[in-house]
Amino acid sequence: MLDGGNCCTAVEADPQQPLILERAEKEPEKKWHTVVSHRVKKHCSCSPEKVKSKILSFVPILQWLPRYKLKDWILGDIMSGLIVGILLVPQSIAYSLLASQDPIYGLYTSFFSSIIYAILGSSRHISVGIFGVLCLLVGQVVDRELAVAGYLPESSFGSNNSDALLAGQGNSSNVECDRSCYAITVGATVTFTAGIYQVLMGLLQVGFVSVYLSDSLLSGFATGASLTILTSQIKYLLGLNVPRAQGWFTLFKTWYSLLTNMAETNICDLITSLVCLAVLIPAKELNDRFKSKLKAPIPFELFVVVIATVASHFSHFNSKYGSGVAGVIPTGFAPPQLPAWTLIPNVAVDAFSIAIVGFAITVSLSEMFAKKHGYTVDANQEMYAIGFCNILPSFFRCFTTSAALTKTLVKESTGCQTQMSGLVTAAILLLVLLVIAPLFYSLQKCVLAVIIVVNLRGALRKFRDVPRMWRVNKIDASIWLITMATSALVNTELGLLVGVLVSAFFVLGRTQQAQVLELGRAASREHYENVSSYRGLQTHFGVAVFRYGAPIYYANQSLFKKSLYKCANLNPVKEKAQRLKFEKNKKQKDTEEGAKGMPEDKQNRESEASSSVILMLDEKSSRSVCSLVIDCSGILFLDTAGVNALKEVRKDYRELAVEVVLAQCNTSVLDSLERGGYYDSKKDGEVGKNNMIFFTIADAVSYVQNLNVPNGDCDNKS
């Protein structure tokens, strides 16, 4: 303790008196309209400094670009932007296949998202663009809406791209929108709606929701979706014209269609797929093995695309062997068009799940790389950035984007310093869009499918980690397995929902599994721990100390009482029931015997026998335990049911002459007890006992040892 002078003086505490602390005065609760008015004034007030701060925080490029270290950073940014741009060309074309779109739209998507995120993103390292899981989700919605609109499954995409662009130049045109045009209209509408969701979540400051999507949940979801992606690409590897399955259990439906149509396999596509797989898989493994020695990964995908395109063009794979090719890829940009407003109700639910997945992936990656490089990112700003990466490009026939792990790893490992590398990537894609794109006319779809399949290696390797995950944490492994299985075998979007629900179920389940533990005192100091976990702990005669390591609320309050009664080996409810039953039977028997005229000496013997039975019950309940001390240090909060449970425990035990006191309650628990009337002395009639607050277990034990037990049966020696 500190005295009034300048020196520090130690004051010995009275061992007979418990520690007493005075609570600080609470600020009076403000009325709701006062709080609302204050917040409105705070957020709506305007000053030049505040306007400048808002603009700089909303457009991060205005903060880092003026401080850009040209000599130190430009080389790394150019190198990483160039490498990522080269990798994005074949991947953008390939993932268009997964999203049921023409190749040109994948290039559009990567181009616009790279520019917008460079301007609005708060992460220096992540690469935003096409992502396989989102492409799959968008493709499922597109195929569903195409079927609803009456479009027949297309045997080869991209065969009429120029007509599609012409048809989609304006809703006022009389030209009927063909299948390709309608597909990108659906994809752009989904993208626009998902972006609106993300921006609204940013405005509502709900970026914290990302913490509820655990790593095991996201990893299981991505792995399950990867199995679905792999299955969806088998038909292109075999050259089969099989429509994409819709609804639930698409994995089984797709494999059934593949097996029933296996006889129609295109030999040219099959051979090309096998050759490309034989080249790309070892090449990717070499890149991974020597990534520490290589300044940049070798772009084997681009080499395979170029060689396969040349071979297909000069060997006439399309005309001679019926191999599906990319078709016409126009140069330049089509004029912007509005989303199809009438489609928004149809895709609103799908867009919401897509928005959540895109945001969660982006935030998790941005936070991971920010932590690695020692800076911070704003989750709400990331919500804005990824939202506008979807809203603005949707007017230019783009589909949904998010951060992608593979390209982010490449970007970070090749010297990226800022999002200037994203602008370099956009310049590479612009060159392709304006000049090079038509050269990919003869590129086979099976080659694109191989690129997608090879890029799934990382997610599929997670299966090898399952035994280790199970050994480390069975709950996280269970969440991973359930989410993965639901995403792959039932439905992709349902897998995310099931994963969230299962995670919440396990969190609640942990509070249901908490048990009351008996504590003992260490021999050398005033410290209490679980007697079943440590040796040499001492217990007090007549005083039992227990700890409960979970909140007490409506869902587990009955389990708390049951566990406490079991651990204390004294159930007051059963004890009272036995006493009432015995007294009732005794009274009834006395009445019957009295009516029959029982002799006086026999009545005395019956009375003595009854008294001995009651004494035995008293000895069982009171002599072993006279007082209970409940350590509340592990109880984070109480609700009304929890407070009532503690009140019931105290009342039931007090009827057996057993005193119950609480120790080490945090301020939240104390406030809940006070509001719930636990310390209401008028109800219990014992002002001193009822209002005692013990900050240590030792104080509580010392206090109850010195109480005058009403029936005088307890020995107060410790």
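Cβ from N, Cα, C; glycine included.
As annotated by TrEMBL, compositional bias 'Basic and acidic residues' applies to 581-608.
Feature annotation from TrEMBL assigns domain 'STAS' to 533-704.
Annotation source TrEMBL lists region 'Disordered' at 581-609.
Panel annotation: around the transmembrane segment (73-98), residues 104-107, 109-110, 127, 129-132, 135-136, 139, 157, 229, 232-233, 236, 295-297, 299, 301-302, 304-305, 326, 329, 407, 410-412, 414-418, 420-429, 432, 440, 443, 445, 448-449, 451-452, 455 of the same chain, lying at least six beyond its termini, place a Cβ under 8 Å from a Cβ of the stretch. Residues annotated as transmembrane segment in TrEMBL: 73-98 (among others).
Beyond the ends of the transmembrane segment (125-142), by six or more residues, the same chain brings 84, 88, 91-92, 95-96, 98-101, 106, 109-110, 113-114, 117, 183, 186-187, 190-191, 221-222, 225-226, 228-229, 232, 244, 246, 250, 347, 350, 353-354, 357-358, 361-362, 365-366, 369-370, 373, 385-386, 389, 399-404, 407-408, 410-412, 416, 422, 425, 452, 455-456, 492-493 to within a C-beta distance below 8 angstroms of the stretch. Per TrEMBL, the feature transmembrane segment maps to 125-142 (among others).
Summarising the annotation, TrEMBL assigns transmembrane segment to 182-204 (among others).
The feature transmembrane segment is assigned by TrEMBL to 216-238 (among others).
Non-local neighbours of the transmembrane segment (300-318) in the same chain are 86-87, 89-91, 93, 268, 272, 276, 279-280, 283-284, 287, 324-325, 439-444, 447, 450-451, 454; each lies 6+ residues outside the stretch with a CB under 8 Å from one of its CB atoms. Residues or ranges marked as transmembrane segment by TrEMBL: 300-318 (among others).
Residues or ranges marked as transmembrane segment in TrEMBL: 338-363 (among others).
For the transmembrane segment (384-406), the list of distant contacts is 58, 99, 101, 105-106, 108-110, 112-113, 116-117, 120-123, 126-132, 134-135, 137-138, 168, 184, 187-192, 194-199, 201-202, 333-334, 336-339, 354-355, 357-359, 361-362, 365-366, 455, 458: same-chain residues at least six beyond its ends, Cβ to Cβ under 8 Å. Summarising the annotation, TrEMBL assigns transmembrane segment to 384-406 (among others).
With a cut-off of 8 Å between Cβ atoms, the residues of this chain six or more beyond the transmembrane segment (426-456) that come close are 81-82, 85-86, 88-95, 97-98, 103-104, 107-108, 110-111, 114-115, 118, 132, 156-157, 226, 229-230, 233, 236-237, 239, 269-270, 272-273, 276-277, 280-281, 284, 301, 304-305, 308-309, 312-313, 317-318, 323-333, 406. TrEMBL lists 426-456 (among others) with the feature transmembrane segment.
Remote same-chain partners of the transmembrane segment (477-508), defined as residues 6 or more beyond its termini with a Cβ less than 8 Å from a stretch Cβ, comprise 133, 136-137, 140, 212-214, 216-217, 219-221, 223-225, 227-228, 247-252, 350, 353, 356-357, 462, 466, 469-470, 555. Sequence annotations record features per position, and here TrEMBL assigns transmembrane segment to 477-508 (among others).
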Non-local residues, at least 6 beyond the ends, that sit with Cβ under 8 Å of the transmembrane segment (182-204): 99-102, 105, 138, 141-142, 145-146, 149, 151, 164, 168, 337, 339-340, 343-344, 347-348, 350-352, 354-355, 358-359, 380-381, 383-384, 386-395, 397-401
Confidence summary (mean pLDDT) of the domain 'STAS' (533-704): 77
